Amino acid sequence: MRIVYLLLPFILLLAQGAAGSSQALGRKSDCFRKSGFCAFLKCPSLTLISGKCSRFYLCCKRIWG
């Protein structure tokens, strides 16, 4: 019975992590919708950071439109 008390927080922690993982999937399409593009680690020159596509990719937007 003690194992159940130890496993319950672990199961809840896994469920919490799975619930938040779906948020990262829509960010890339949100970036394209804002007429931006995804770049690895830094945006090229003449662009601004307008958000994040994923952990290592930034959403970049051109300065001139």
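Cβ coordinates come from backbone N, Cα and C, glycine included.
Taken from Swiss-Prot, the feature signal peptide applies to 1-19, supported by sequence analysis.
As annotated by Swiss-Prot, disulfide bond applies to CYS31-CYS59 (among others). CYS31 (disulfide bond) is surrounded by 23 other CB atoms, counting those within 10 A of its CB over all protein chains shown.
What Swiss-Prot records for CYS38-CYS53 (among others) is disulfide bond, and it gives similarity to another entry as the kind of evidence. Within the same chain, residues at least six positions away from CYS38 (disulfide bond) with a Cβ under 8 Å of its Cβ are LYS28, CYS31, CYS53, SER54, TYR57, LEU58, CYS59, CYS60.
Under DSSP, CYS60 (disulfide bond) is assigned to a strand (E or B) in the three-state scheme. Positions annotated as disulfide bond by Swiss-Prot: CYS43-CYS60 (among others).
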